[in-house]
Amino acid sequence: MAYTLTSIVLGVVVFGLTRIIWGSISWNLRYRRFHSSDGCQQLRSAPSKDPILGLDHFFRLGKAAHNSRYLEAFQEWFQAVGSTFGVNLMGDYVIFTNEPKNVQAVLVTKFKDFEIGQRRRDNSAELLGIGVFNADGQTWEHGRALVRPNFTRKQVADLGLFEKHVQRLFEALPKDGTAVDIQEWTLDTGTDVLFSESSDVLLPSATEVARKFAWAFNRGIDGIAQRIRLGRFARFYYDPQYTAACKFVHDYVDEIVAKAVYRAKEWHAEKKDKPVPPDDAEEERYTFLNALAREGVEPKQIRDQILNILVAARDTSACLMSAAVFELARRPEYQVQLRREIAEKLSGRQPTFEDLKDLTFLNHFVKETLRMYPPVPLNARVAKNDTVLPRGGGSDGMAPIFVPRGQLVVYQVYSMHRREDLWGSDAHIFRPQRWETTRPTFEYLPFNAGPRICPGQQFALVETSYVLVRLLQEYSNIEARGNSAPWREHLTLTCSVGQGVWVS
């Protein structure tokens, strides 16, 4: 028996060593092939006190995240090491980059060499299931095709939807100057666009269920972000509050999906009886939820896709809106300039879609908000194949680097947007006037790029611009209340204002 056990242990050891040796040989052969054909050079690595597990880096980033300094810590890292480098994080070797040419390669020119990857699906599936946010291949393509009509120019140009929610915001803002956190309001428009019904979290009549949905959804997103930061140790993450939040979100959305499925059956029956609508019939607004239900998609899959898009569309809009109001409330000089432009162009009337495009300084203000506070400040892809990135190798970081299949590449938009060599010595300062002459390319990516560019970017831009105009028309002064400290990150899958956006 002892002999057999010894043989088994020895066999396991030999097998493990063989895999390690073969993996090393295989990697070196692949590296040499790319080195000879593409001129790849060694990627720089961040210096570490623990070259085996990189515990010093792992705990450093954990502390930074706890102190709401995660993005700032990476910015310091890039300044110290370079625009592209490798880091060992608890046994995971990760490539970090804020180099525009590398980001362009990952998202556009070498798009087919990269994917979202299984780890993101594993980390987010408990809340989101599988959908356009975390899927690859045909699942992603199909979901993307269905959601695209939700954000066409015709849909986005329907400003009546935004005005409805602006009026609800005006109702919610106390007349006596009491402060309110405007970040909560942005959930309403997101659910209205996707569900055809609002969560109404800001209305005085809002139900406890609606408010709990807003809380549970945010709590679920926090849990996903925590899992992602834990890397390969995410499988050991357990938080009963996160699990409860996921269940509540599912129950809430399942009720909405059930209503949509019922409406879809009625729609098909009516279409069968009246295949040609009358000439004077009012055209129905397209919603992603109704489209999925009418296509006959299973309710569970509808829920998954809806939650995936809610993350992408709602959170993008929410982060942009909250950051814009955060800056506006703290900069009375820009309020004066914006009011002057709005008064000259609109003469007191509500803006049209075309008006919003003609408000030059407003557009500069929104662009600068996106530069300073990109809604998705960092993102990641996994290499599907052995490939090459154009920068990061050699002593100066200008040579190509080999990226093996399965390699995680994290690209940092936040720090790229604040690089002084790309944006000037005032890159860290909020200055909308820079957009009078600035014409950036891949150094400015607030909504991603390539085939996976954010489908809701026009929705976010139009909503933010419209709401800013209406706030400035309605109120003679917008003041920041509560915490007057500088902007602090609240980083999950997106990045919002950590201290909230308390205004009156």
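Cβ coordinates come from backbone N, Cα and C, glycine included.
Per Swiss-Prot, heme binding site is recorded for Cys454. Feature annotation from Swiss-Prot assigns N-linked glycosylation site to Asn150, Asn385. The transmembrane segment annotation in Swiss-Prot covers 5-25 and is backed by sequence analysis.
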Discussion item. Please report the three-state DSSP label of Asn150 (N-linked glycosylation site).
Written reply: helix
Worksheet item: Considering the glycosylation sites Asn150, Asn385, which residue's Cβ sits among the greatest number of other Cβ atoms within 10 Å?
Response: Asn150
Worksheet item: C-alpha of Asn385 (N-linked glycosylation site) to C-alpha of the residue listed as 'heme binding site': distance in Å?
Response: 24
Fill in: Cα-Cα distance linking Cys454 (heme binding site) and Asn150 (N-linked glycosylation site), given in Å to the nearest integer
12
Worksheet item: Within 10 angstroms of the C-beta of Cys454 (heme binding site), what count of other C-beta atoms is obtained when all protein chains are considered?
Response: 19
